[in-house]
Amino acid sequence: MSKSSLPCKFQVMPVDLHQHVLVIPTVSVNQLRVMRVMRVVGTLQLVLLLTLTSRAAGFNIPLEVEQPPTIITHTSGPIVALPFDNTVKIRCEARGNPPPEYKWTKDGKVFIPPHFTTNKTNHSDGTFVLHNKHLLQFQGKYRCYASNKLGTAMTEEIELIVPSIPKFPNEGIDPIVVKEGDPIILHCNPPEGVPPRQIYWMSIGLQHIEKDERVSMGIDGNLYFSNALQKDSRRDYCCFASFPKIRRIVQKTAMAVIVKSLKADNESADSVDATPEAPPVRKPGLLLPPGVQTEKLLLKGERLQLECIPHGYPTPTIKWMKLGDKMPSRTKYDNYGKLLIISAVEEKDGGKYMCIAENSAGKADHYFDVIVEEPPKWQTEPPQSQLNVSGSDVHIKCAVSGKPSPVITWRRNAGLFRDDSQKNSRVLDDTLIIHNARPEDSAVYQCDASNSHGSLLANINIMIMNMAPRILTRDHQEYAVVLGGDIIMNCSVFSSPPPSISWAKDETPVTTEGGRFAILQDRSFQIIRAEKNDSGNYVCVASNTEGKSAVTAVLDVKDPTKIVDPPREAQIISGTTAQFTCQAEYDKSLQSTFEVVWRKDGEKIPLSFEENSRYLVADGLLQIMNVNLSDQGFYTCIARTSLDEDNATALLTILDVPDAPKNLTILELESPRNVSLSWVPGSDHNSSVTEFIVEYEESQWEPGRWRELQKVPGIQATAELALHGHLNYQFRVYAVNAVGPGPPSEPTKRHKTPPAAPDRNPENIKIQGHLPHQMDISWEPLLPIEHNGPGLEYKVSYRKLGVEDVWREHLVKRHSFVVRNTSTFVPYEIKIQSRNSHGWGPEPKLVTGYSGEDVPTAAPRDVAVEVFNTTVLRVSWTPVPPATVRGHLGGYDVHWLRKRSLLNPNNILDERQSMSFPGNRTHAIVPGLEPFSEYRLTVNVFNKKGNGPHSDPVTFSTPEGVPEQVPILTTSNAQKDSVLLVWGPPLEANGILTGYLLQYHLINETTMEVVDSQEININVADTTQWWLEGLEEGSLYRIHLSACTRAGCGPPLAQECNTAAKAREGNWRISEAVNTSQSFHIIDGLKPGAVYTVRLMAKGLLDNASIFEDVIQTRVKGAEGRRGDLSTQGWFIGTMCAVALLTLVALMACFVRRNKGGKYAVKEKEDLHPDVESHRMNDDTFCEYSDSDEKPLKGGSLCSLNGDGALGDSISRDSLVDYADGEVEFNEDGSFIGEYSGRKRGGSVSEPSGPSPVTA
């Protein structure tokens, strides 16, 4: 809706006064208008719509319709300009069509404000601003006029007051001289100024003059003394006037008062020894008010103050009464009963009042005639603006009341209205009547009611017109409501005469039967508890005698918003993160307006997008980081759209450590060392206290250090404390709950305990013999706080146990003592007692101990050995006599020496081992022996001091055992029905080898199950290879080989291999050796379109290993090979070779490092210690050991690709001799030290990965 189409509907708005403008408390028009506000009826009523405010009254006519001006806001007077105000703004704003122009008058004359324009292009405001420096010349009464072609509206007079700065005149005041007992009046005569004004009487030193029944200040500011006393004499009575509004205090010239005392026998007043005489009794009188009767005129609502200040001696008292009536219940008294106050005076409070001043000498009285009057006020409400059709009668009633009765003056467009009987208008009492009104009677009429106390002004807009209905609501206005909600669809209409209204839905008239539908007073259509089928188009039709109009409203009934996953109550530990969820369902067409708002205890949660914000809200989730006690409360999730909302609330409980206990109190029980400590627990913060910890601090030994003294259950708030003597304690308490310990309380005051004898003796007494002929006694000393007094020392007493012996005693201050010249390992009784300067501790307990030990002197006898198996035996002996142990028996040591292996009896060994067996025993089990070996064994006893002598040695041998697993097994030279097996002998035979057990199994390559099994006993002990024959062609076999002795066969080693299938075509060609410094190698002389297998071999001293193999196919010239020339294909092959050569270099380096410094190729070493890791082969490889020229070099291996054994044999003959013929160098110990460059053949073959084309 555009601004121009808005209806002219006025609302209550505050008066916009300047910040420091002071409104003087007299009745004004605006103050009276504020008293009542008219209730708005329907917007379509032709009855005039009025809003009574401090601004203006108006009725609901759209601005598109021509209408006279209506003043909507203006400044209420009077205005008091304060000295520090830079400017004063006087406002006047009206609306109308055409827009009004403004005119001001000052004191009844035309006034053009400074910097004020009546530019017709900008008529929105008639406000003007006056600047401080020129304010005095603008003092006066102003009135604003707003005019257009249809009429003129006016405001009441706005008075601008520019007060002068208040000050007292400079004057000389003669001293006031009175006799004692006479009354005194000190006149202040304060200057006028901006209210409020406050009067003070003080001395030059700013000391207030004391007031009482005798001395008082009147409401006029004067200081009254009912009777003078000599103490009233002083020369610095000062009157101060304060004006808070202008922040100013002024002071009157100081006044002097001299009170002459009455002296006996006419003695001089200056006589020091004169005896004072009491003032004579004086009959009461009134200093204020003067005369017999006073008339008091007030306005209704003002404050009534009646004051009577008496004089006389003794000081009279004041009584009040109302003649012929009771005192009003609101009556209060002040200034010691001299001032009667009635707030908000009413008419019934008027009448005659009397004050009576009375003392022992008589009475005096004064009468007040109180008259309560009232400024003009509306009896009901101000006259309302009216809209009428032509030919109707218009009545404007200006019903006002007041005392005296107000005089009513009528104006038309701000000009005086004369009663004209010849025309159609006349005035009857307080009513203006227009008969048979015509459009030209349209105008702004003013009713001005005034009396001696004020005036009222009302602008009444009278409009006479006929107009067809004009619908103000926008056509096809869209309305939305949630299912089950209420909706009102507007149909705002302006017309003259009033229209009739009807509603229809989808061309069907709407009936109001059933209670869900209603047409409201303002013609709007209301639907209660909307349903889905209520959606649709609704048409409002307005008609009168002048025409007809219609408007369509579109209604859409939406799904309601509902929280489906509400937040749930939670208990969270302080410092952690709390989380609430709130998931809601809502109508998806309202998604743009949907939001989730969180509140805590009804207040919106302050969300911040800064990094340090503790709140995070996203997707219906509220997270509160680092919660504290202030976060506890009820959290409400509000899911809302532009139409509705749903909410859910959950309680967040914060668990925290308990607060510190308070009010710790110490109460002595039986003695100062036995006290009761009590406290008041603090808040447990929603987690029950499980225990209280009482701590103490003492100032003598560890000042400032707090230690735990006692624990108390959480349901208890007292603790009985047993204290040590000679200490200055203070205590504190802290509480513990499930969250953790809370802060400690404030410490108590110091509590000093008297000294006493020690409460206990030393504990943990230890008796040791570090030397054979002495006994070392040590103990755990008393803590410093356990001394209970000064001079702590210990009495050490000891004697031999089991014999007649006397106690020997020594007093020491340290916590150890050495008894010397004792027998070796003799039992003693020892006791230690503590004492200080105040007495001995309790009787000590006896402790038994031994003097120093020495090494045993005897060896075990009758040592016998029982061999259980190849590695375990049982040894037994006869224990040594206890006396020879000479200390605490520790146990027995068994020592055994492996002298030689029976496999090599000429090789003398020196392998020593031992085991300790604690305690007094006669046998032991010894594991970990080597089979088929000769041993020597001894036994000795030991104690803490050392080992005794060894027993006589016993020699024994262990039987043969089964061999270890063979270290390596390879297959090679695979034929159609046979394969060559090569292996290494076991590293440890554990006996004399008798041969090998060979088992081989035929494997189904699909299911990997065993199809057939066979075994062969190889009874040749020194062989390391075997031709396995009788195999099936192209089959997979799993082979197991075990070494055997007379004790049995050892664990087998498994290997799998395949027998040869259909042979491949072609023969192997071996290139020259490739130096390890090269990064590529070019192979030439290949045939185009042929398939080749390329294999790169790394040849070492122990084996030949294949480190690269690939199947490639050469291309035919001119075909796809055109993409790259020969150099490109050479680069590819070179790159692949480079990768292989780098690996070769690494292998060679590892080999050199492994063999550096050792002897090479000695038959015994090769047979017994083959390098297992270097001989791991693939399933289709073989590995032959060479320990002479008759056998291939161990590690050289190759399987023929086409079953040609000759080729395989020729390659396998590469041995150590091949390396010696080349450029190979060896150290004296046989280790490899250089590179080789001769012909090197052989190695293991990897499974080809498929053909790759190569251009030849």
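Placement of Cβ uses the backbone N, Cα and C atoms for every residue, glycine included.
As annotated by TrEMBL, domain 'Ig-like' applies to 69-161, 163-242, 284-371, 376-463, 469-556, 560-653. For 660-756, 761-854, 859-961, 962-1063, the entry in TrEMBL reads domain 'Fibronectin type-III'. For 740-762, 1230-1256, the entry in TrEMBL reads region 'Disordered'. According to TrEMBL, the feature transmembrane segment maps to 1131-1152. The compositional bias 'Low complexity' annotation in TrEMBL covers 1243-1256.
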Who are the long-range neighbours of the region 'Disordered' (740-762) in its own chain, taking Cβ under 8 Å and residues 6 or more past its ends?
657-662, 664-666, 672-673, 675, 677, 679, 682, 693, 695, 697, 699, 706, 723-734, 779-782, 786-790, 792, 794, 815, 832-842, 844-845
Just to be sure I understand, if DSSP states are collapsed into helix, strand and coil, how many residues of the domain 'Ig-like' (376-463) fall in each?
3 helix, 50 strand, 35 coil
Three-state composition of the domain 'Ig-like' (560-653), taking helix and strand from DSSP:
9 helix, 48 strand, 37 coil
Reported mean pLDDT - the domain 'Fibronectin type-III' (660-756)
95
The DSSP breakdown of the domain 'Ig-like' (469-556) into helix, strand and coil residues is 3 helix, 49 strand, 36 coil
